[in-house]
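K.L.:
Right, I'll just put the structure down here and ask away after.
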Amino acid sequence: GGGMERGVLIAAGMGVGVGASGRRKEGLRVTHLRGNPMSVPKKTAISGVAGGLAGSTVGVLLHPIDTIKTMMQVGKHANKGFFECGIQAVRQNGVLGGLYAGCGASAFGSFFSSALYFGTYETMKTYWNAVLPCHMAGLTASLAAVTGNAVSSLIFVPKEVLKQRCQVGQAAAGQSALSLVKTIVREEGVGAMYSGYFATLLRNAPGAMLKFGIYEQMKVFIKRTLKRDVSPKEHFAAGMTAGCFSSAIMTPLDVVKTRLMTGSVRPSFPLVAMVEIAQKEGVAALWSGFMPRLVWSATFFAVGMSAYELALTTVLQVTEGEAVYDMAWYPMMSSSDPSTCVFLTTSKDTPVHCWDAFTGQPRGSYCAYT
């Protein structure tokens with residue numbers, strides 16, 4: 001029989017004699033079965049839509065926190081307290097005009113940038129898994145995340161420029177997002193819509209490697225410790241933990257990004273801008289907005305990854321010959337190593353079937369005979 005990989009070793013744990021090489025042993029007959037595979041484009045589209053919906057929804061819910069974070073990092077509100085900035089924003093412009101400034105443009109842009117991010121992540125995870133040597137398989141998720149960030153930044157950066165300028169009061173009363181874009185392009189040029197692009201990449205690329213690296217390792221730890229699959233609550237907790245670590249470390253670059261996007265510092269290389277801010281305002285200025293950023297970033301990542309995992313779990317399809325009696329996941333599987341992502345099914349009068357949990361394709365089937 002063909003298509004057997006090391007994932008079929010789970011069969012040995014259930015009393016079926018399959019060797020590490022996947023070759024047939026005495027007392028075992030290997031056959032084939034039908035499968036309904038999910039193509040990479042379909043999986044990319046599904047993960048993109050799921051990530052986009054999660055990104056825009058969380059963006060709207062947490063927008064007030066993001067507004068306060070931006071105010072704390074730039075302008076006359078820089079280095080002020082969380083509640084002080086929030087109260088002042090409401091007093092000056094009301095709840096909608098203050099705390100929710102730029103929310104519409106942010107939600108619209110977040111859907112497409114998040115969809116592009118998660119769609120690219122899913123595609124590139126398959127690519128990196130194919131080209132990386134076995135001893136570097138643990139880097140698959142991190143490299144896919146970096147690639148996703150680089151591509152999605154083409155939409156993310158203009159969205160952030162528009163949103164943050166609204167948040168710090170650079171939009172005139174009643175001015176629409178489209179009108180503000182026209183004003184920025186007319187007065188500062190098209191390049192102004194990509195201010196802070198390199199600062200965004202410097203923040204997001206290592207941040208993504210940290211987040212996804214920690215996230216995947218936590219999933220592996222949970223599976224190995226509890227000997228079962230990761231629950232939705234555990235996905236969320238792993239996402240929160242990874243998001244907290246990453247956002248805490250990358251806060252100085254986030255401050256630089258915000259100031260470059262709002263025109264609060266002269267255009268320069270991000271590290272040069274960081275040194276200038278530290279010299280003029282002290283090192284503490286690079287950690288402005290630390291707590292609201294921590295809450296926003298960690299929650300955003302946790303919800304996004306939970307929706308992503310749920311979407312891929314929900315749409316996985318396989319076609320069995322008859323009613324399934326029982327099934328079991330490989331307890332040590334990790335999405336960073338697709339060869340471990342398998343599960344078994346059993347049904348009446350048919351072999352034990354081993355399925356690929358990523359594609360829904362069969363890895364092999366086994367039944368005892370005398």
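For all residues, glycine too, the Cβ spot is worked out from N, Cα and C.
TrEMBL does not curate its annotations; it predicts them automatically.
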K.L.:
According to TrEMBL, transmembrane segment applies to one of these ranges: 98-118, 266-286. Which one is it?
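P.N.:
That would be 98-118, the stretch labelled transmembrane segment in TrEMBL.
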K.L.:
Residue counts in helix (H, G, I), strand (E, B) and coil for the repeat 'Solcar' (230-314), per DSSP?
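P.N.:
Residue counts for the repeat 'Solcar' (230-314) by secondary structure: 72 helix, 0 strand, 13 coil.
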K.L.:
For the repeat 'Solcar' (136-221), jot down how many residues DSSP puts in helix, in strand and in coil.
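P.N.:
Across the repeat 'Solcar' (136-221), DSSP assigns the residues as follows: 74 helix, 0 strand, 12 coil.
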